[in-house]
Every structure is written in structure tokens, then in C-alpha cells.
Amino acid sequence: MGQATVTVFSISTTCATISKVMAIVTGFMNACVCLGSAAGYLIVCGQVFVVVFPTDDATRNLFVVSVGIFVCCPMALARHVGFTRHLAAMTVGALILLVIVVAWYMGEHRIDESVTTESFLLGPGEATFVAYMNSINNMIFAYNNQFNVPQLTRELTHEPSRDGMTKVAILSTSVTFLLYALVFLLSVLAFGVAENQKDSLILDLMPVREEIHVRISLMAVMFSVLTCFQLHIYPIQQFLAYLVRKARGCSSDDEKADVVYFGRSLTRWYDIFCALGSVCLVVLIAVVITSLRAMLDFIGAFGAAYISFMVPPMWIIALRRKDEQNFSWFNKEILWSVSFLALGLFLFVFGTYSAILPILGL
């Protein structure tokens, strides 16, 4: 239900069910998460470039801008995201290749000296509340990174069945969990804990960048994140398209009767401008902020905590208050929703505070 609120279809539903204000706030927060995610992908591309071709910050920024112009902008012009399904298996394969390379690194260099039974299970010992909170921010970000499931489902050529989608959900969740677990275990064992770990696995592989299989895996990662880039620009387009339609007093079905300029409807031109503007903003963020960890910490706390932990319980409470005549705050479902909302508020406030501190150097 929380995922449903982040699409255009659910924005209109939310307007009818709760309020336009909440719908717009939810759309805005989701757009912020998508902007941060897309910027994170370009930051990864910049890190791959720096590792494969050692260079200075100016050249790295030029590369990021070039990727944004010549790769991301054309992809952002697509009307739908269904075409990315043809690349999905390749992107998963790219990540698996990275996991294999990390395992190879651990085999070549043995387990890092900083890893002991105590440090592996409990951490190095000097971790603060901020460090633990930022770890939670990263987990929230990973959980929330599924914006396009409703849109992809809608674009399937054959109408999906409940059993079929259940199998897909189980398979995708299992693969994701397995990859997360392998990355965690292998990266900690190979590169150590605390200060021994760099900003990302990409930078951790800097000492062995001359190995051909390491270079191939890094280029594969770049391909993977650029494929995912479109999946995060599209929800921003949806939200901006919704705002433009409301400002013009149009509905989603009015494009066929819209004014046509140079062979395209005015609605489509607005969509193109919004897509290109979003990419430009993402490129600017990726040039200014070069730390992937800082980006994911902040987005996970600020936007993802709101979308994942605050919107679903607020939605459930609003639906129950509207549909049930004998509404009670002491109902088990409502009490659970209120508790979940309180957890979300805590993660939103203290998570954002913890993420900002390292950025400010405090």
C-alpha cells in the first residue's frame, strides 16, 4: 500500500481519500528520494571512472556531466519504463560479477586484519549513535527503492495473474536478499570494518584496479546503475506531469485532444522538459556531492523514512476513519498503525539529524 502511493495513479486516489496536500507532499518526498537515488548512480559512475582511469576532480565532473547529457538525457525521454525489463537480467548479472570479484579479492588477500569475531558481530566498539542511525538510514533506503513496481506491472503485455505476480515477488525478493547478504559478508571480510572501509566497494577495489576482471566488473556496475537511472527519473516525471496537469486544469486522458506543436502534444512537450530538467538537476547534485555514503544516508532518512514508515499507517488510518462508522483508536489495527507511524517519525527526525552531521563535518 505504501508503494501504491508513489505513483500517479495513487496520487489521484490519495486526493479523493485523504487530501490533495498529503498527495502532493508524498509525491514531493518520493521525487526527492528519486533525485537522490539517481544522483547516487551518477556518483557511482564517477567513482568507476576515477578507479579505472585515475584522474582529478575536474575530469571526473566532466565525465559525470557527459554521461548525464549523452546517456541519461536520451533515456529519460522514454514514455514508459517497461523497456528496461530487457536489461534487468544483465544488471543483476553485473552485480553478481561484482560480488564474485570481491570474493576473489578476499581469497587473494585473506580476511582483513581488522575483522575479529567481536568486531564482525558487534562492530569495532567506537561506533556512536550517529553511526548506527546512518546504518539504519541505508537499510531504509534499500527497502524503499522500489518505486516503479505498479508502473511496470501496468505495462506488462499480458495481464498479470495473482499467482504469477506472487512468484515474481518471491523470486525478486529472494535474489535481492541473497545479494545484500553476500555483499555484506564478503565486503566486511575482505575490506575490514570502520575506517578500513572506503565510501563504496568501487573505491575499495582501487588497489587491484589493474586486473582485467576488476575493470570488467566495474564497467558492468556502471552499466547496471545507468539502467536503473531511468527507473528513478520516471517517478519524478510522473509527479511533475501531475502538477502540470493540475495547473492546466487537465486530466490524464486529455492528451489526445491537446494542442500539437511540431508533431507532439503540449502535454508531451511538458513531459520532455520535465525529464530533461530532472536529469540536469541530478547531474548538478552528483557534481557537487561526491560521497555516495552521505547521499544514501540523507535520502534514506529524509525521504525514504517518510515514504516507507509514515505514509502507509497514515493511509490505513484515513481509510478506516472514512469507511468505518464505529471507528476506534483502540482497534488493534489502528494501534499498530499508530505505533508504526511513531517509529517512522523517529526515523525521519533522528535519521535526518544523523545524516546531516557528517555532511556538516560535525
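Backbone N, Cα and C define each Cβ position, glycine as well.
Listed features, source TrEMBL:
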| type | residues | note |
| --- | --- | --- |
| DOMAIN | 17-356 | domain 'Amino acid transporter transmembrane' |
| TRANSMEM | 62-81 | transmembrane segment |
| TRANSMEM | 87-106 | transmembrane segment |
| TRANSMEM | 168-194 | transmembrane segment |
| TRANSMEM | 214-236 | transmembrane segment |
| TRANSMEM | 272-292 | transmembrane segment |
| TRANSMEM | 298-319 | transmembrane segment |
| TRANSMEM | 340-360 | transmembrane segment |
- Message: Please report, as numbers and ranges, the same-chain residues at least 6 past the borders of the transmembrane segment (62-81) whose CB is under 8 Å from any CB of it.
- Response: 38, 42-43, 45-46, 49, 148, 151-152, 155, 226, 229-231, 233-234, 237, 271-272, 275-276, 278-280, 282-283, 286-287
- Quick tally over 87-106, 272-292, 298-319 of CB pairs under 8 Å to the transmembrane segment (214-236) gives the top stretch as 87-106
- Item | Cβ-Cβ under 8 Å with the transmembrane segment (272-292): same-chain residues at least 6 beyond its ends | 35-36, 38-40, 42-44, 46-47, 57, 60-61, 64-65, 68-69, 72-73, 76-77, 199-200, 233, 236-237, 240-241, 244, 264
